Amino acid sequence: MDYFPYRDGELHAEGTPVSKIAERHGTPCYVYSRGALEASFREYQDALAGCEHLICYAVKANSNLAVLDTLARLGAGFDIVSLGELERVIAAGGDPGKVVFSGVGKKPLEMARALELDIACFNLESAAELEVLAGVAAQLAKTARVSVRVNPDVDANTHPYISTGLKENKFGVTMDEAMAVYQRAAELPFIEVVGVDCHIGSQLTQISPFIDALKRLLALVDDLADQGIVLHHLDLGGGLGVCYRDEQPPSIGDYIAAVRAELGERPLTLVFEPGRSIAANAGLLLTRVEYLKRTPEHNFALVDAAMNDMLRPALYQAWLDIRNARQQASAATECWEVVGPVCETGDFLGKQRELSIEQGDLLALSGAGAYGFTMSSNYNSRPRAAEVMVDGDSVHLVRERETLADIMRGEHRLPD
Ligand SMILES: Cc1ncc(COP(=O)(O)O)c(C=O)c1O
Ligand SMILES: N[C@@H](CCCC[NH3+])C(=O)O
């Protein structure tokens, strides 16, 4: 189902023309579809039916409270990487008992709060982190359930900045080191070994790297069992890609079916940490064309969204579809550089786009629901965009546009 269809020549978000959303809430504005979020989460649930599982949505992809609330109501767990993400999950009504805590630099304060909330599992990323966690847990007399994030050293075939499972990456512990970390964990009081995890990268468009990683994890599970360390769950992380342009990632169903086939009859609960595959195509970024500028080299469409709102094109040369909210079947198109107002040459949203654009037009960037708003900043003292969630014919403002007072909050001039 298309949650962002054209009807009568106007782009809609579920039942509402996006032009109405832009008029009411201004631009730039992120628009999320509740229906699309629910549909992708349900694809995971359906594919995992009949098998012990936990789907921990990766909060970093889109941490708006309404997004977390939508998923929590469907029974989602959450993958977090900071205290801030943990508090968001709680504020959104999420169950801390379904939270896994990833990240290479967890602080004792963050561990303490997670222990107090009795989260499901800490995904340990180093031997040093285990020692710190054991200390915090002992001080609080609380048991920390742990999994060791192993770095299976498989090539995820994705952009180098979002590849995380190669031995040169900072994430996890090597396969060689894993056994020693488990043995140490097993002998520590207040530490309970429950699982193993990995996350090999993001925007993967093939199943084979996942299966290679899974095979390595299963071999480790067997070796651990031989040593008397029996695991309860296996967490394969996130990483499933989506179609932004012409990529052909496996469907959620095919991906999960392949994992289940490899797992066979093993009595392990399967955990996943999907972010992008739940949220990316559930969101648009609306932006208004302020000026058109023609130079001998290029046609520039200067829009009111910029790299501070959507960093992915500037950071990864990511390609996001850009369309005009008004469909003009017969209008002549030209080639445009769609750029923002930020003072950086790298501030572009799309290059060489064939579009029919007039000053004042409303454009929509697709695939903006994941790693969009969460990676935004106030660079150039630009207030961050509003966020809206549509649900059928209803439109909810789920984050107000920042004000200038918001962006100066907490700053002080020097004393006289
Ligand atoms: C540990 C961990 N889990 C899950 C994710 C979510 O990944 P994706 O959005 O590619 O599904 C990430 C980010 O790449 C991550 O670092
Ligand atoms: N931020 C990245 C995804 C990587 C997430 C972190 N593990 C992106 O926008 O594609």
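Glycine is no exception: its Cβ is also placed from the backbone N, Cα and C atoms.
Please treat TrEMBL annotations as automatic predictions, because they have not gone through curation.
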Looking at TrEMBL, GLU273, PRO274, GLY275, ARG276, TYR371 are annotated for pyridoxal 5'-phosphate. Which of GLY228, GLY239, GLY410 sits in that same site?
GLY239
With respect to ligand 1, which members of the binding-site residues GLY239, GLU273, PRO274, GLY275, ARG312 satisfy a Cβ distance under 6 angstroms to one of its atoms?
GLY239, GLU273, PRO274, GLY275
Determine, from DSSP, whether ARG312 (substrate binding site) sits in helix, strand or coil.
helix
Of GLY275, ARG276, CYS343, GLU344, which recorded positions come close to ligand 2, meaning Cβ under 6 Å from one of its atoms?
none
Return the member of LYS60, ARG312, TYR316, CYS343, GLU344 nearest to PRO274 (pyridoxal 5'-phosphate binding site) in space, with distance defined Cα to Cα and candidates limited to these recorded positions.
LYS60
For the binding-site residues listed here, GLY239, PRO274, GLY275, which shows the highest count of neighbouring CB atoms within 10 A?
GLY239
Whose Cβ, among the recorded positions LYS60, ARG276, ARG312, has more other Cβ atoms within 10 Å than any of the rest?
ARG276
Nearest of the recorded positions to TYR316 (substrate binding site) by CA-CA distance, picking from GLY239, GLU273, GLY275, CYS343, TYR371?
TYR371
